[in-house]
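Asks: I'd like to ask some things about the structure below.
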Amino acid sequence: MGSEAAQLLEAADFAARKHRQQRRKDPEGTPYINHPIGVARILTHEAGITDIVVLQAALLHDTVEDTDTTLDEVELHFGAQVRRLVEEVTDDKTLPKLERKRLQVEQAPHSSPGAKLVKLADKLYNLRDLNRCTPEGWSEHRVQEYFEWAAQVVKGLQGTNRQLEEALKHLFKQRGLTI
């Protein structure tokens, strides 16, 4: 498929097209694509990750869950390895929200190393965003509940990447939580 830079740009372009109508829940209505790009940036800049499969999966991690993208489509464009990682980090939206959250906690320790990296960076991005501003319609109590749930997920991802884990521990400590 060409150079790694070209592969990364293909994934970014694909994600941007798939998420083009979506916005984050922040007061500014930030374009959703900022999130997967931010997750990939955390992996490269803070965790030192250069694995192209992990970075592509980071860019694509919400496409199947939040758009009309299928896993077969991901595999067709980006290969079986990227598909497997995206599949690992994708929640089954046919399940109730509480069940999806429970499964994330339960499955975290059994995830592949690449999926663990994407999950850590995803949680770090989301928690930083929650510290920056409260999403539309969220109470401070709901924000704290999200932090508490995220701490349970992250606990199962320990031993994956020291830099990401330390950054997360710092955020949890600010909220009175330990992992």
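Cβ coordinates are placed from backbone N, Cα and C, and glycine is handled just like the others.
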Asks: With His61, Asp62, Asp122 listed by Swiss-Prot as binding Mn(2+), identify the candidate in His35, His170 belonging to that site.
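Replies: Of His35, His170, His35 joins His61, Asp62, Asp122 in the Mn(2+) site that Swiss-Prot records.
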Asks: Have a look at Lys119, Lys123 and find the one that Swiss-Prot tags as N6-acetyllysine.
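Replies: Going through Lys119, Lys123 one by one, Swiss-Prot flags Lys123 as N6-acetyllysine.
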Asks: Measure from the Cβ of His35 (Mn(2+) binding site) and count the other Cβ atoms within 10 Å, all protein chains considered.
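Replies: His35 (Mn(2+) binding site) is surrounded by 21 other Cβ atoms within 10 Å.
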Asks: Across the whole of the domain 'HD' (32-127), what does the mean pLDDT come to? Round it, please.
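Replies: Computed over the domain 'HD' (32-127), the mean pLDDT is 98 on the 0 to 100 scale.
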Asks: On a count of neighbouring CB atoms within 10 A, which of the recorded positions Lys25, His61, Lys97 is highest?
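Replies: That would be His61, with the most Cβ atoms nearby.
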Asks: What does DSSP say about His61 (Mn(2+) binding site): helix, strand or coil?
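Replies: DSSP call for His61 (Mn(2+) binding site): coil, neither helix nor strand.
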